[in-house]
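Per TrEMBL, the features are as follows:
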{"type": "ACT_SITE", "residues": "B:Glu333", "note": "active site, proton acceptor"}
{"type": "ACT_SITE", "residues": "B:His334", "note": "active site, proton acceptor"}
{"type": "BINDING", "residues": "B:Tyr136, B:Gln197, B:Asn220", "note": "NAD(+) binding site"}
{"type": "BINDING", "residues": "B:Ser243, B:Gln265, B:His268, B:His334, B:Asp367, B:Glu421, B:His426", "note": "substrate binding site"}
{"type": "BINDING", "residues": "B:Gln265, B:His268, B:Asp367, B:His426", "note": "Zn(2+) binding site"}
There are 2 protein chains.
Amino acid sequence: MTAPNTIRRLNAASPNFGEQLDHLLSWESVSDDGVNQRVLEIIADVRTRGDAALVELTQRFDALQVTSMAELILPRERLQLALTRITPEQRKALETAAARVRSYHEKQKQDSWCYTEADGTRLGQQVTPLDRAGLYVPGGKATYPSSVLMNAIPAKVAGVAEVVMVVPTPRGEINEMVLAAACIAGVDRVFTIGGAQAVAALAYGTESVPPVDKIVGPGNIYVATAKRHVFGKVGIDMIAGPSEILVVCDGQTDPDWIAMDLFSQAEHDEDAQSILLSPDAAFLDAVAASIDKLLPGMEREPIIRTSLAARGALIQVSDMNQAIEVANRIAPEHLELSVENPEQWLPQIRHAGAIFMGRYTAEALGDYCAGPNHVLPTSGTARFSSPLGVYDFQKRSSIIHCSAQGASVLGKTASVLARGESLTAHARSAEYRIKN
Amino acid sequence: MTAPNTIRRLNAASPNFGEQLDHLLSWESVSDDGVNQRVLEIIADVRTRGDAALVELTQRFDALQVTSMAELILPRERLQLALTRITPEQRKALETAAARVRSYHEKQKQDSWCYTEADGTRLGQQVTPLDRAGLYVPGGKATYPSSVLMNAIPAKVAGVAEVVMVVPTPRGEINEMVLAAACIAGVDRVFTIGGAQAVAALAYGTESVPPVDKIVGPGNIYVATAKRHVFGKVGIDMIAGPSEILVVCDGQTDPDWIAMDLFSQAEHDEDAQSILLSPDAAFLDAVAASIDKLLPGMEREPIIRTSLAARGALIQVSDMNQAIEVANRIAPEHLELSVENPEQWLPQIRHAGAIFMGRYTAEALGDYCAGPNHVLPTSGTARFSSPLGVYDFQKRSSIIHCSAQGASVLGKTASVLARGESLTAHARSAEYRIKN
């Protein structure tokens, strides 16, 4: 048996399981008044002073000795140079992943549609790409080239003409893998700026940074707060919470594999959540033993240990039906169905960001290169939102083309309803189109 | 010529037209600290005290002498009763509109998809409806049965099992058309509550009100502020700004029709915006004359007059190409192409909520009964967002099912990339699936 403080054990049959689960899942982003105030000041500064503010804020926050905006622009040639500075193996891995991500996302592209009614009236929707998208890429510690692929490729597949990337380079540190990924993904322009100032620049534009229509990509509390504030001026993706995985296992997968799958989520950060459901109590024991055996060898052991103790759980369920019920209650970001015949459970799964089917589909495969996006709804938001996709970089315009006959018929209905709402200009505008 | 204070005249050829247009379009929602604070208190109260808080707040804000939550629930039979209390003509108009809206929206429904690769790996997306949606309907002055149809029908077409409507009934005032529309649209439950307290109840649930997954529908500043605060816990639709129309006319439509089309937008409220673009200066004069002729006869003349003076404009452009360029710059909620051959311009239009094509397609027809949704992106947000639709009530789960062979191949790429990001648990989880 594992030491009780490594990871908690729960049983769905216990009378207070509902409360225990609620407590385990509870996570609310803290909004910090101090952060909020500083972010508002930074946004106002960038709106007022443009490039000059960006240069100063980058000097201050990124400890960069720059004197002009020109030093904060990376030309396309610099991205190409990065391709030669990573290993051939890394370059091949990025290119393989990019090709698979592109191929999968091309199937998400939505087309305009239209139909004609008997009287000649035509109705439909015209689907168009955004003009310009902004991609925030964190610098410093957590530099994820895979995120560059996952955010930029759907935009380019959608047909976005210009993808603008911002990435801070604190103390001049540049991640060559990130630049190489940007090159492969087809990013059009890169600015080495970050934080709330980069978000403000993308939303409002400066002399050098073009304003974008939507900002996507992960970031720290300053970046997330800034994104909330510019929402409405531009589109944003979801504000992500900590990453989570829910593994459902029938007890027949190698417990070492499952332990490592749980670690792969827990290693992200101390708030990450790894939960395993199984009807097999002996299997839960075996996974607990694997956890204790494998943990000491892990490079990020302290983070994994903190995360598992704070937010992890091994939960015994009565059967697979109860497992699916709990999974729907959690609406996990990542759901791994490590069971014999995963297809049979799929129709019952109502809420999950991504579903990893069968014993071979480790979440890590999906994180990097299977094809689907790794930007997924967290903290139960899979109840109402979707993976990042091509559809996030397309929008629709309704098309209404009434024939003279169609307008005459519709005008009568519109007139009655408009008068029922006391909107008589609406009514009269419709009535002009009624034939005598 | 119209009196200069009825509606302003601009010319796109003037050197400072860009600035004039920016000024005309400028509109930022004011965030009010007082409102914000009261809304946060109301949300906290409803989360803590549930039904008891709802009853008290409804007594206070809606001047209703209720003593229990039971009095704030309208059973389905009450909705059916409403059908008999409106005129047969009104009932028929609602039913006609509902049938057309339903038929159009059925074409938006998105299906799950999946494909299998050569090695047996399967990838796709499972599309599912939200479990439960909440619909806010304003009470009092602005009661719009058409909004009930436009918000509830897409949810039901998506397959949302339960649509919960909230509508305040200040001093007991109930709008029978609104209830009849709810009945026709298939709304499942109705609570006569409103304001921030209704939004909080829908987001967090109370003893009587079930928590929903997404809240849609228009409301005042308290409702909009509450929606912003509960965003993340639940999904929300866009926070709408004032309504706007941009009419592009070649000068060959009856100027009375165009004047009335501009009025139909201006009558919504003092902040609404009506703009006309035409290459024909004499036609702009004729529309100005029609405005002055028709305005005195309008039921909502004061609102129309204020709106046109504050935010309206008749703008001369050099030709249709310039008109389309300005339209894309504005990204209007409603774009009326009152021209001879509107189809020819459609491919050039990049941003608009809805496009009303030809001389017969008055915006009012689309507002009520053509079929497309009247909930549209305002204030230039058509650059990155879409009409409300069935897709807003569906969400996607990625499906990844690797074959043993597929996992072995993908595992190698994932391993290289994970190690490049120093995420070694990810790497080792992938490596377990590589065949020796």
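Quick reminder: no glycine exception, Cβ is built from N, Cα and C everywhere.
A distance below 8 A between C-beta atoms marks B:Asp367 as the recorded positions from B:Gln197, B:Glu333, B:His334, B:Asp367 lying next to chain A.
Just so you know, of the binding-site residues B:Asp367, B:Glu421, the Cβ with the fewest other Cβ atoms around it within 10 Å is the one at B:Glu421. A 10 Å cutoff on Cβ-Cβ distances gives B:Gln197 (NAD(+) binding site) a total of 30 other Cβ atoms nearby, all chains included. DSSP gives B:His334 (active site, proton acceptor) a strand state. Note: the NAD(+) site is recorded as B:Tyr136, B:Gln197, B:Asn220; in the same chain, B:Pro138, B:Val166, B:Pro168, B:Gly194, B:Gly195, B:Ala196, B:Ala198, B:Val199, B:Gly219, B:Tyr222, B:Val223, B:Ala226 also have Cβ atoms within 8 Å of that site's Cβ centroid. Between the binding-site residues B:Asn220, B:Ser243, B:Gln265, the minimum number of other C-beta atoms within 10 Å of a residue's C-beta occurs at B:Asn220. Annotation: no recorded positions among B:His268, B:Glu333, B:Glu421 have CA atoms within 10 angstroms of the CA of B:Gln197 (NAD(+) binding site). Nearest neighbour of B:Asp367 (substrate binding site) by Cα distance, taken over the recorded positions B:Tyr136, B:Asn220, B:His334: B:His334.
B:Glu333 (active site, proton acceptor) and B:Ser243 (substrate binding site) are 7 Å apart (CA-CA, integer value). Taking all protein chains in view, 27 other C-beta atoms sit within 10 angstroms of the C-beta of B:Tyr136 (NAD(+) binding site).
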